[in-house]
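Enquirer: I'd like to ask some things about the structure below.
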Amino acid sequence: MYFPSRIRALAAGAALLAASAIAQAQQLPNVVILATGGTIAGAGASAANSATYAAAKVPVDKLIAGLPEISKVANVKGEQVFQIASESFTNDNLLVLAKRVSALVKQSDVDGIVVTHGTDTLEETAYFLNLVVRTSKPIVVVGSMRPGTALSADGALNLYDAVNVAASKDAMGKGVLVTMNDEINSGRDVSKSINIKTEAFKSQWGALGMIVEGKNYWFRAPVKRHTAQSEFNIDEITTLPQVDIAYSYGNVTPTAYEALGKGAKAIIHAGTGNGSVAAAVVPTLQKLRADGVQVIRSARVPGGFVLRNAEQPDDKYDWVVAHDLNPQKARILAMVALTKPLSAADLQRVFWEY
Ligand code: DGL
């Protein structure tokens, strides 16, 4: 039976629906998800495997397809930048990722960026982006402690939260952020402090806020220089200098410091206590300094900060203190800072300010 008026009505209804969908999409922010691998893209053999799995397996399009709720939050596009476990991240990976982020945030049709990442070195990448990407747009780094195949997997909610924050105007100007386990942390401050629980990421100075059911609750903002206020710019960086970390402990010898000092522009000393340097190691560090290697005292102790000229004569030895940065974060800042020819005094200013 032929009902032209009915067909016309159905066609009109379909057109209305399409128009309203387009209108809604035009109102939503545009967020790009840059995927790099990790557990958030991991897969285990069974739902009981929350810790035994293969990282970096699930492609970004599948991650997005598996989370339809984000289509109500933002217009989301995915790019697979890498597919690696983050313990294998290299300086080249950092440069490629940061340059992609920098290019995207310059686009007027991009409102925010999410980077999915393994949790092992997530804190290093987040801090690197915080130092070198000149933007006020939200950049949110996110991972998970359990693969999506596991019971009580945390990746889906972490990613949903990350897209929400990246799509939020109130997340602008706060530097690079990390959303894990309902918290919004500063990419500068946050560190992986528990290696086998979903409550893995902590900032010793506290989270910036929380995100609950897609709503951001802010309680503080960063005071250190970052992103748009940074003197460093990924667009002007083509390579990163070698900076290595030497871990200290009782009965330590200079062997590691001597070996690392051969090729490094800076050595991060992961010292005992307040970044203390064993008597057996002092002469080696003095020689490295005399040879032009920067010596930066951090601490293996996760909390507090290293005091300048307390137990160690930093002024006399021309050494730098990492302030509250742990050794892996101090390495990131030293690499970025030493893309410029800085004296130890200049470098110390950078460590005070960033
Ligand atoms: N291989 C580790 C990584 O990619 C897995 C840890 C994780 O992503 O949670 O960082």
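Here, residue 1 is simply the first one shown, and the rest follow in order.
Cβ atoms are placed via backbone N, Cα and C, with glycine included.
I grabbed these lines from TrEMBL:
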- 1-25: signal peptide (SIGNAL)
- 30-221: domain 'L-asparaginase N-terminal' (DOMAIN)
- Thr39: active site, O-isoaspartyl threonine intermediate (ACT_SITE)
- Ser86, Thr119, Asp120: substrate binding site (BINDING)
- 242-351: domain 'Asparaginase/glutaminase C-terminal' (DOMAIN)
Enquirer: Rounded to a whole number, what is the top Cα to Cα distance in Å among the residues the record ties to substrate, namely Ser86, Thr119, Asp120?
Expert: 7
Enquirer: To see if you understand the setup: which same-chain residues, six or more apart in sequence, place their Cβ under 8 Å from that of Thr119 (substrate binding site)?
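Expert: Residues satisfying the criterion: Gly38, Thr39, Ser86, Gly143, Ser144, Met145, Met180, Lys192, Ala200, Phe201.
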Enquirer: Taking each of the recorded positions Thr39, Ser86 in turn and counting other Cβ atoms within 10 Å of its Cβ, which one has the fewest?
Expert: Ser86
Enquirer: With an 8 Å cut-off on Cβ-Cβ distance and a minimum sequence separation of at least 6, pull the same-chain contacts of Asp120 (substrate binding site), or say none.
Expert: Gly38, Ala85, Ser86, Glu87, Lys192
Enquirer: Take the mean position of the Cβ atoms of Ser86, Thr119, Asp120, the recorded substrate site. Which other residues of that chain put their Cβ within 8 Å of it?
Expert: Gly38, Thr39, Ala85, Glu87, His117, Gly118, Thr121, Leu122, Gly143, Lys192
Enquirer: Average the per-residue pLDDT over the domain 'L-asparaginase N-terminal' (30-221) and send me the rounded value.
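Expert: So the average pLDDT across the domain 'L-asparaginase N-terminal' (30-221) works out to 96.
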